[in-house]
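The transmembrane segment annotation in TrEMBL covers B:88-108, B:120-138, B:150-175, B:181-203.
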Amino acid sequence: MSNSKLYKGSLNTIILKLLNEHDKMYGYEITQKVKALTKGELKITEGALYPALHKLEAEGLLDVEVAKVDNRLRKYYKLTETGTKETVNKLEELAEYIKTMQALVNPKLV
Amino acid sequence: MMNLTKENIQFIDTYLEQSDVKHIDIRMEMVDHVASEIENRIDAGDTRDFYYVFKDYMLEHKSFLLENNNRFLRQTTKKLSNQLLKSFFSIKSITLLAVFTAIIYFGFNNYDSELMKNVLLISMIFLIIAPAICYFFALKKFNYNRFSGIERLGFFFSFLLQFINIVNITGANFIKNQNHLLITSIVMALVFTFILVFIRLSVLTFKDYKYRYNNLC
């Protein structure tokens, strides 16, 4: 991930936000979607993505579904009910954080 | 969009399995990720044979994939430990513990202690055989594929066996003293409660894997 230290804390929110907008997604699809949305600025590595997905799954925020696609098995992730609620909280937290940072870095814009 | 052949997918799967990614629930996700990236590279204009694209990818990312494997296993162990503790300290389990303590204490006070000891030992053996039978059927159901969560249950199972072994060795003389009957009853009840909580967790874990990985059955 580029600028990894800055983005690291937001990875879970990014994942939750994407899954909130799509019914279900698989790991590689998430990396490609983030890359496309940020025009290549943000690249999520598998070393960061999968541990985050598994942690969110273990916390009960994500559910897993396995389907056979293109000669192989694919693991899809989707939000659970708790995950959907948590996404709202996380996005609010992130918005608040961006606002605070904006006030610190560029007070004229606030 | 280019799709890899069944043989290519099998090659990636075998490579990862031989690189110590033993559990299919972890490996299937890695296989899909590697295959998707190779297909993407070929679609983007890499004209080389699959094997060379695969080799390049692995040179760059193998360590990440193996680290991911270890992290996944740690995460699975943590998840199961939390479930086990939560279940063990639930109101249901505490009630069960109280009921077992009362039954065992009553038994020691009204029946021969040697007979009680044998009854408890046979019950324990019977109860710890149950998860082993569950595991056998789960393996058969999943076509002998290895799943991380199901295998991690084995870690707790070993702990359980060791605990029972310690209770059995240290309790032999302790049990003969009438003053120790209450403590003995509590320890025995703890073992029984833990076994039942463990069996419940095993059944729930098997059901969960069966629901999620139905495609492999």
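Backbone N, Cα and C define each Cβ position, glycine as well.
Caution: TrEMBL annotation is automatic and unverified by curators.
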Looking at B:88-108, B:120-138, B:150-175, which one has the highest count of Cβ pairs under 8 angstroms to the transmembrane segment (B:181-203)? B:88-108
Using a Cβ cut-off under 8 Å, which residues of the same chain at least 6 positions beyond either end of the transmembrane segment (B:120-138) come close to it? 104, 150, 153-154, 157, 160-161, 164, 168, 188, 191-192, 195-196, 198-199, 202-203, 206, 209
